[in-house]
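Trainee: Input: one structure, supplied below.
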Amino acid sequence: MTADLFDSLPGPGPDEEPLAEGAVLLRGFARERADALVAAVRAVEAAAPFRHLVTPGGYRMSVAMTNCGTVGWVSDRSGYRYDPDDPIAGRPWPTMPPVFAALADAASVKAGFGPFAPDACLINRYEPGSRLSLHQDRDERDTGAPIVSVSLGLPATFLFGGLQRSDPTRRVRVEHGDVAVWGGPARLAFHGIAPLPDGSHAILGRQRINLTFRKAL
Ligand code: MD3
Ligand code: FE
């Protein structure tokens, strides 16, 4: 008997922490697959190295980024977009590693959003002091699909607010192996990451890596 009693009950189970209407934190959900996820990140970055993108306003982002999947998120002086090609390598982004796709789907199901087949994974790398200021993820064609985010390495503080930039923000600490799922009314919430405190993680050293899975097309 492995069926979980809570599978049959509506609402969040014991290891599911509601963050907001439509947003759930699954603490430790990726922990036992974390080594495989990190190995897959290494394979992606060997083909598509992390780089600091420039915002349309001309600022260099403190977070370094790469992508895998059918399309990848990029920013430059002309704007934000999903692009099938890595503009630096001049070839398609690496394909989505199976361990990535499986984890994103399992997290979506666990959080109650049903099967999820993302076509894009943005990989963010933070070093101490890196931050992501408050923004909405609205470059995806299908905002009916959730976003799944996986935290690896150093702990960080999520900031998330409401549908207006001026709404009050809540802070939640996330650490290695934590997974958050954002859908429904939370899908277009403003969110960001506070400046990363210094520290050292057993696997990743002075780094935090975040995977965000999206249905962009
Ligand atoms: C809330 N990344 O890549 S993931 C991003 O940790 C991004 O690197 C952050 O925001 C990171 O766009 C935060 C948490 C997250 C992702 C998507 C959301 C929170 C969200 C979409 C709607 C509301
Ligand atoms: Fe975001």
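Each residue, glycine too, has its Cβ placed from N, Cα and C.
Below, the features straight out of TrEMBL:
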| type | residues | note |
| --- | --- | --- |
| BINDING | TRP73, TYR80, ARG81, TYR82, ASP139, ARG165 | substrate binding site |
| DOMAIN | 117-217 | domain 'Fe2OG dioxygenase' |
| BINDING | ASN124, ARG125, TYR126, ARG208, ILE209, ASN210, LEU211, THR212, PHE213, ARG214 | 2-oxoglutarate binding site |
| BINDING | HIS135, ASP137, HIS191 | Fe cation binding site |
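Walk me through where these features lie, including what they touch and how far apart they are.
Mentor: Taking the Cβ of ASP139 (substrate binding site) as centre and 10 Å as the limit, one finds 16 other Cβ atoms among all the protein chains shown.
In the structure as shown, the Cβ atom of PHE213 (2-oxoglutarate binding site) sits within 10 Å of 29 other Cβ atoms.
Within 10 Å of the Cβ of ASP137 (Fe cation binding site) there are 19 other Cβ atoms, across all protein chains.
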Trainee: Taking a cut-off of under 6 Å between Cβ and any atom of ligand 2, tell me which of the binding-site residues TYR80, TYR126, ASP137, ILE209, PHE213 pass.
Mentor: ASP137
Trainee: Have a look around TYR80 (substrate binding site) and count the other CB atoms within 10 A of its CB, chains all included.
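Mentor: So the number of other Cβ atoms within 10 Å of TYR80 (substrate binding site) is 14.
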Trainee: So if I take the binding-site residues (HIS135, ASP137, HIS191) and measure from each Cβ to the nearest atom of ligand 1, which come out below 6 Å?
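Mentor: By the Cβ criterion, which requires under 6 Å to ligand 1, the hits are ASP137, HIS191.
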Trainee: Taking the Cα atoms as reference points, how far is ASP137 (Fe cation binding site) from TRP73 (substrate binding site) in Å?
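Mentor: Spelling it out, the Cα of ASP137 (Fe cation binding site) and the Cα of TRP73 (substrate binding site) are 11 Å apart.
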Trainee: Determine, to the nearest whole angstrom, how far the Cα atom of HIS191 (Fe cation binding site) is from the Cα atom of ILE209 (2-oxoglutarate binding site).
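Mentor: So the alpha carbons of HIS191 (Fe cation binding site) and ILE209 (2-oxoglutarate binding site) sit roughly 17 Å from each other.
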Trainee: Run through ASN124, TYR126, HIS135, ILE209, LEU211, PHE213 for me and report the binding-site residues whose CA is within 10 Å of the CA of ARG165 (substrate binding site), in sequence order.
Mentor: HIS135
